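Input: a single structure, listed below in structure tokens.
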Amino acid sequence: MSALWNQCMRKLEGELPPQQFNTWIRPLQAVENGSELKLLAPNRFVLDWVKQHFIGKIEEVLSDQKTQPGLHVVLEIGTRKPQEASPIAPTIRRSTSVKKGLPNNLNTAFTFDNFVEGKSNQLAKAASMQVAQNVGRAYNPLFIYGGVGLGKTHLMHAIGNEILRANASANIVYLHSERFVSDMVKALQHNAIGAFKEYYRTVDALLIDDIQFFAGKERSQEEFFHTFNSLLENKHQVVLTCDRYPKEIKGLEERLKSRFGWGLPVAIEPPDLETRVAILMSKAQHAGVDLSPEVAFFIGKRIRSNIRELEGALRRVIANAHFTGKPITLEFTKEALRDLIALQDRMINIENIQKTVAEYYKIRVADLLANKRTRSVTRPRQIAMALAKELTNHSLPEIGQQFGGRDHTTVLHACRKVQELKESDSKFAEDYSNLMRTLSN
Ligand SMILES: Nc1ncnc2c1ncn2[C@@H]1O[C@H](COP(=O)(O)OP(=O)(O)OP(=O)(O)O)[C@@H](O)[C@H]1O
């Protein structure tokens, strides 16, 4: 690797948030040639992203090094030298002979093509695509976490399907963590633990869903720890999903928590309205149903909990339309979803949001409503107002009213401030998404 690029990487690593650095900068490979520094991106997605967001910064850092004035940076798709190419290719060929005929359990319906991208899942999708295209080399393990029904399993299967599309003989195994545990128990009962270990340690990509179920199961954790290490050492890919960040999993050994964080932990957040609508339109199109934007916006606005529920609501509307032979109008949709919507509205209300936020920040609900202006209270108050705007159908004046009779402009200011802080302050962004997760589940 070019020494100049190494220096540049070190500087960028210090300046960019770790997720951005790991996703976009780390995979670049540099080839120095006279006055040209060629940066090779593993795929078009990374190339375009770096071009749009980081090239200015890279040029600035390089010119600060002052070792090579006038250096010209070129971005291309590729990898450095053929002999340094992915170690997975020979691995895959070798290991397919290990165990044939076992099901990979992949659901072929979950692909990258039908995964609708939005702000909330963009990073997770990009990282998953990179893992699928650079098996064992991009991020290992890839740890996808987020609330229920937000697309973690979909992405995991998409990774497996994409690896198989490129190499039909790859040995991929997808399984739920409970299945891993029950297989292990069976293996122990039948004195076959040796074969069990051998099998899992030789797959090319091991995809384990919902690893929070390992919590409290010490023997399984022990076994998984060794399997995991051996896969990583041999550059075999591991992809894990979980409903929370590794450090937050109670009942999981510290060494596993720390190892899960080695590769890349990426979050999937609840989708925003535009993404919810895009998902509805895409699912309707798949089902051969013509959904008007008016109806899609109505469903998207009213069903905010997660994508599984969104799909369920759409299925119900389509089924009702089939049964009754009526067209899917706004009125028809309102009627079909009446009880579901009532349930959602009961679950998330302003009071509930205030209570959750107060608990999270260890303050009193009364503080959120009072006039106190200390930072320890104003930030939680602003977050609570922004969450009320995002998660309920109340207007700005109504929200202001329920926060101690404040003006609607105060609520608007809070929403803008929260948006700004979410983008500039990673601790704040994490607090916001933790609260969003708690409230939406
Ligand atoms: N971005 C998306 N585009 C299209 N469909 C999506 C998207 N995200 C989720 N879905 C769909 O929503 C449903 C629920 O997703 P999935 O099962 O992947 O959620 P999950 O995060 O794994 O949930 P759990 O934690 O309950 O296992 C699936 O049918 C999936 O196809």
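Each residue, glycine too, has its Cβ placed from N, Cα and C.
Among the features that TrEMBL reports, region 'Domain I, interacts with DnaA modulators' is placed at 1-86.
If you look up TrEMBL, you'll see 105-321 marked as region 'Domain III, AAA+ region'. Per-residue pLDDT, averaged over the region 'Domain III, AAA+ region' (105-321), rounds to 91.
Per TrEMBL, the feature domain 'AAA+ ATPase' maps to 138-269.
Look at TrEMBL and you will find Gly149, Gly151, Lys152, Thr153 tagged as ATP binding site. Mapped onto three states, the DSSP output places Gly151 (ATP binding site) in coil. In sequence order, Phe115, Asn121, Ala124, Ile268, Ile307 constitute the residues six or more apart from Gly151 (ATP binding site) in its chain with CB-CB distances below 8 Å.
Sequence annotations record features per position, and here TrEMBL assigns region 'Domain IV, binds dsDNA' to 322-441.
As annotated by TrEMBL, domain 'Chromosomal replication initiator DnaA C-terminal' applies to 349-418.
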Number of helical, extended and coil residues in the region 'Domain I, interacts with DnaA modulators' (1-86), per DSSP: 45 helix, 17 strand, 24 coil
Number of Cβ atoms other than its own within 10 Å, given for Gly149 (ATP binding site): 19
Among Lys152, Thr153, which are binding-site residues, the residue with the most C-beta atoms within 10 angstroms of its C-beta: Lys152
Remaining residues near the recorded ATP site, that is with C-beta within 8 Å of the centroid of the site residues Gly149, Gly151, Lys152, Thr153: Gly146, Val148, Leu150, His154, Leu155, Thr241, Ile268, Ile307, Arg308
